[in-house]
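Annotated features in TrEMBL:
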- 1-27: signal peptide (SIGNAL)
- 293-315: transmembrane segment (TRANSMEM)
- 359-386: transmembrane segment (TRANSMEM)
- 392-414: transmembrane segment (TRANSMEM)
- 434-454: transmembrane segment (TRANSMEM)
- 466-488: transmembrane segment (TRANSMEM)
- 516-542: transmembrane segment (TRANSMEM)
- 548-571: transmembrane segment (TRANSMEM)
- 583-608: transmembrane segment (TRANSMEM)
- 620-653: transmembrane segment (TRANSMEM)
Amino acid sequence: MAFSERKMPGICSVFLLVVLLAHYSHGFYLPGSYMHTYSTSDTIFAKVNSLTSIETELPFSYYSLPYCKPLVGVKKSAENLGELLMGDQIDNSPYRFRMNVNESLYLCTTSPLNEHEVKLLKQRTHDLYQVNMILDNLPVMRIAKQNGVNIQWTGFPVGFTPPNSNDDYIINHLKFKVLIHEYEGTGVQIIGTGEEGMGVISEADQKKASGFEIVGFEVVPCSVKYDPEVMTKLHMYDSISPVNCPLVLDKSQIIRERERISFTYEVEFVKSDIKWPSRWDAYLKMEGARVHWFSILNSLMVITFLAGIVFVIFLRTVRRDLTRYEELDKEAQAQMNEELSGWKLVVGDVFREPDCPKLLCVMIGDGVQITGMAAVTIVFAAFGFMSPASRGMLLTGMIILYLFLGTAAGYAAVRLWRTLKGTSEGWRSVSWSVACFFPGIVFVILTVLNFILWGSKSTGAIPISLYFILLSLWFCISVPLTLLGGFLGTRAEPIQYPVRTNQIPREIPARKYPSWLLVLGAGTLPFGTLFIELFFILSSIWLGRFYYVFGFLLIVLLLLVIVCAEVSVVLTYMHLCVEDWRWWWKAFFASGSVALYVFLYSINYLVFDLQSLSGPVSAILYLGYSMIMAIAIMLSTGTIGFITSFYFVHYLFSSVKID
């Protein structure tokens with residue numbers, strides 16, 4: 001997944017002005033990786049990531065196929081936690097580039113292909129696997145024309161199968177075009193926050209910093225049949241004549257047993273006006289962005305209008321009830337209580353302890369943790385602090401935030417527990433349950449999926465060492481912090497109820513239809529704020545597209561919080577009006593039921609938008625990850641609705657005059 005590199009429109013502009021005034025001619029670039037400048041003939045080696053496919057969603061190592069290996073051997077690049085969990089495996093490659101030197105080079109010739117290698121190459125070709133190459137932290141881009149429109153893709157295919165043919169052909173010749181921008185060190189201070197870490201180019205390094213910077217990396221893949229007898233006489237990086245991509249299959253390299261495949265490539269450096277801070281624009285501004293923006297705006301306006309109407313009607317109704325009730329004297333109130341029905345009659349039961357109070361506290365605690373993690377992550381991403389150059393940083397940041405927000409989860413759960421029970425007894429059990437409930441569900445699902453990935457020998461499988469790291473983070477950071485939050489919750493004052501609870505519960509009148517139908521139906525309104533954005537998020541995850549409009553996602557998040565709060569409060573009020581005082585769980589699921597529609601939409605997306613997804617393994621992986629997403633959304637939205645309803649009920653009954 002790629003992240004927004006747009007700068008903050010207001011705050012960043014002010015900050016930039018301050019930096020300019022303080023340092024005169026200095027420039028300030030944020031975010032992105034530390035800018036590299038290269039002199040002519042400087043050597044740069046490309047890296048290769050895992051092979052990926054939108055058909056199987058199972059990543060595989062680049063060197064699982066018979067490709068040329070570097071002279072120094074295969075070496076893995078340092079990977080962060082997010083990259084490992086996403087299945088990235090970045091290795092070095094033999095593809096060598098010399099800055100501003102155009103050349104055509106030979107790499108290697110394979111030994112005769114055996115049956116296993118042929119089967120593997122054909123399978124990867126049929127499954128539309130893509131080779132993902134990286135140069136100076138930029139993924140390689142392929143531009144193809146379809147119906148006269150340029151379509152951008154990252155990576156290039158392993159091979160291709162011509163229409164009406166049973167033969168497969170391998171991509172063995174690559175024509176690279178590297179876009180470079182000539183940079184002159186003119187008193188520019190550059191601060192980077194990417195995977196290379198923080199770096200500063202000072203005045204003394206200006207001359208050294210002058211040179212060329214890479215601002216684009218494109219490829220045209222070809223299949224070329226070579227004479228192996230001639231090619232085996234060459235050595236790696238020997239020059240060859242430039243090659244034109246053949247238009248006839250007879251001159252393309254077929255995949256079959258006993259064939260020896262020669263790999264070659266060409267490099268062309270082209271000067272560009274694109275500057276280094278803008279080099280990711282070509283990746284982020286994919287086709288359909290305008291449609292995406294208008295769809296989101298349309299959704300926001302409609303939902304805001306509907307929610308506004310509901311909220312205004314609701315405010316008028318409650319205000320009228322309270323005004324009428326408070327204007328009556330005590331005798332009239334007593335008579336009114338005998339004659340009228342509604343929320344005023346459940347005053348002695350409204351704060352009665354709900355069913356499964358411990359589970360409710362645990363789910364609220366986990367919901368606070370997930371909501372906080374999502375909010376902080378999206379805010380940072382919307383302000384441009386999640387650079388696409390820093391692969392895996394979004395997921396790594398989310399995990400770190402989740403760990404440290406355990407304190408808030410423990411505090412919220414234990415304080416609610418004290419409010420329900422009136423005592424701190426059992427707070428350790430509640431804290432432990434909070435620390436283990438949602439992570440435990442995720443751990444079980446990931447373990448099942450991991451066994452499937454191990455069986456498929458995919459790089460998407462989590463290594464055993466990473467399992468121990470995750471368990472260590474869980475039990476050495478998250479659990480202690482959650483227990484600390486629980487301890488702080490025992491020291492906080494419990495929320496005092498404004499009314500007393502009767503010893504004998506009031507009988508709830510029979511209803512013509514189950515109240516849970518209304519609760520489930522309430523989830524459609526929050527889903528209306530999500531579904532368009534959900535489509536683009538699913539596309540970025542499963543179709544390999546870039547997701548970069550975190551500003552819109554932040555707006556959707558804020559609107560979702562408002563709608564969840566409104567829906568839950570309205571449903572709580574409706575249940576109280578029919579003398580149903582069991583509102584606790586209904587308030588939670590009134591907004592939390594959006595998760596059901598999210599999961600159903602995910603199935604719909606699998607059936608109608610991921611038609612290329614093949615095999616039961618891929619479908620199980622998709623449904624497993626969708627289940628985790630739906631549970632997280634249920635806990636988050638349910639918590640928002642419950643907390644809002646709780647304070648609404650508290651305010652409502654604290655406004656009533658009680659004898």
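Using the three backbone atoms N, Cα and C, a Cβ is placed for every residue, glycine included.
Note: TrEMBL annotation is automatic and uncurated.
No contact links the transmembrane segment (548-571) to the transmembrane segment (434-454), because fewer than 3 Cβ pairs that are 6 or more residues apart lie under 8 A.
Three or more CB pairs closer than 8 A are found between the transmembrane segment (583-608) and the transmembrane segment (359-386), so contact between the two stretches is assigned (pairs 6 or more residues apart).
Listed stretches 359-386, 392-414, 466-488, 620-653 were compared with the transmembrane segment (434-454); the greatest number of C-beta pairs under 8 angstroms is found for 620-653.
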